[in-house]
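**Student:** To start, I am sharing the structure in question, which I have written as structure tokens.
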Amino acid sequence: MADAVIVVALLLVAGCATAAVATRDPMRQALVLSLLGVVLAVLFTVLQAPDAGLSQLAVGSALTPLLLMLTVRKVKRRAQGKERER
Amino acid sequence: MTRRARLWVLLAGGAGLAALLVAACLRLPHFGGKSHPYGDRAVHASLARQTANTISSVNFDQRAFDTLGEMTILFSAVLGCVILLRQTHDEHRARPEPAEVAPPVRRYALVVLPVALLSGLYVIAHGQLSPGGGFQGGVVAATALHLLYLGADYAALERIRPVGAYEVADALAASGYLVMGIAGLIGGTAFLANTLLPYGTFNTLSSGGTVPLLNAAIGMEVAGAVVVLLARFLDQAVEIEEESGT
Amino acid sequence: MRAVMDVLPYLVAAWVFLAGCYGLATSRNLIHAVGCLSVCQVGTYVLLLSVGYRDGATAPVFSDVKPGSRPVVDPVVQALTLTDVVVGATVTALLLALVIQVAKRHGTLDPDELSELRG
Amino acid sequence: MNGWTLAAALGLAGGLGTALWGVTTGPLRRRVVAQNLSTALACPSLLLLSQAYNRPSYVDLGLVLALLGPVGTLVFARLLAEELAEDPPRAWGATLTVAGLGAAAVIALCVATGPGRAMAKLLVIGALLISGNIIASRALSGGFRGVRGG
């Protein structure tokens, strides 16, 4: 039974990671990466590593998406600024 | 090389690497096996020094020197970001127009901010007892501050967040960790050795010798680092614009 | 079933790492490439924690269990993982800062267009 | 091993599997809703796992996720406000269903732990989780307007 939870979590991580690579638009990739962070925290918990899970939750749920989305916004705003000048 | 040729080279190399990795996986000790010599010794050493959370003991006592290395990477990564994202002379700052935030969202952000900040401090403080520690709690506390940007606007965040103070706190925490290490050297044993303070009673806040102090230093360092990082990114994304005509 | 379970976590780690590498090499946008690099990192975390797992064991955190009453998993790999998760995030931030600089200097984020510019 | 593990496994496979499908396919409005619901589904699963392993200290993970999960959704709601304004997500049915499931899990766990500090902590986590997700849902469907510069 404990093995069943581990298998479920492992397959979810594999699926999320593949989806994160296959999603080519950075904005949508940030959404998948935030889901990957949560799923990974669950995997760490079932592998009995709550400390690592806590660290993954803290980083993956809000910090990484915020950094990625701010970069996307900066690059987009810059491109829009250039368009307007033309 | 064309994209197509490059893809073929990649696939050939990837297939070779995959074959090697699978061969290695099949020869690894089986998942869930009974033999963990390092783990058993680490648990034993941690219990001998009255630290309830073995992982904190590994991080801040048995492998404290390794954590110093990690902290250096963190510090230099933040330094790199600060240099890369500084305002150059052909850029200027534009006041962003405040966004209109729906009242329930604003109220939620203002209520959750102190709760999240306290949880972050709780996670740091309980680092040597229950799951948690400076690395995790620092990120939680620093992220909590940015609820003010999400729930109100950037100007509100800037008022309670003097970036200079966080930069100083970051540097102080990093040097605090080093000073603790040198204190071990002066105290007669070795760099970062956990021999200075009494180990205390098992499973209390003051147990573990220098572990809680190093843990607190890392918590401050990580919180300062994340605040400074996000400040630079927010400046770039929200305020800094290039001069027209460049 | 048992034989599969013995190696499945390692194979998942290898798969995640290779998938990240593939994405990194074929990416047409540097922000997407940074995301793929963090997927590669995930592969290493899965490998480390799988190596440290022990069947039927619990975390070596003794705030709510008596030491010695239950078998525990390996704390060393967990300590490695937890520091790397946080440090990895700041390294990702450094890479994203580089991406912003590239966008400012060259006005594009496509690695192919960037290598054409160099000449 | 026991019913708690089974419930957590079902919640993970069904809930997060659906969230993964939702977040990788379809228009942006469906993806952000799936991202929001993934935290709302993972948090009760983490609490159930803490009970399954008989480790009260694992509850801290649920606490951090209940606090920061909605913050992550607010990040997307704020920085994708322009895109979402054209095509706002409407998923009150799904949000309330997931909130109900979370509440059921928290109540079951409270009954199992009995009165005391642990139960108070569980109730706080449940309240944070459910309010957080409903607010995040509200934020996604037009919680931020006029986000141009800020």
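Just so you know, glycine gets a Cβ as well, placed from its N, Cα and C.
Pulled the feature table from TrEMBL, pasting it below:
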TRANSMEM  A:6-23  transmembrane segment
DOMAIN    A:11-77  domain 'MrpA C-terminal/MbhD'
TRANSMEM  A:30-47  transmembrane segment
TRANSMEM  A:53-72  transmembrane segment
**Student:** Six or more residues out from either end of the transmembrane segment (A:53-72), which same-chain residues have a Cβ under 8 Å from its Cβ atoms?
**Tutor:** 26-27, 29-31, 33-34, 36-38, 40-42, 44-45
**Student:** Tell me, what is the mean pLDDT of the domain 'MrpA C-terminal/MbhD' (A:11-77)?
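**Tutor:** Per the prediction, mean pLDDT sits at 93 for the domain 'MrpA C-terminal/MbhD' (A:11-77).
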**Student:** Summarise the domain 'MrpA C-terminal/MbhD' (A:11-77) as counts of helix, strand and coil residues per DSSP.
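**Tutor:** Grouping H, G, I as helix and E, B as strand yields 61 helix, 0 strand, 6 coil.
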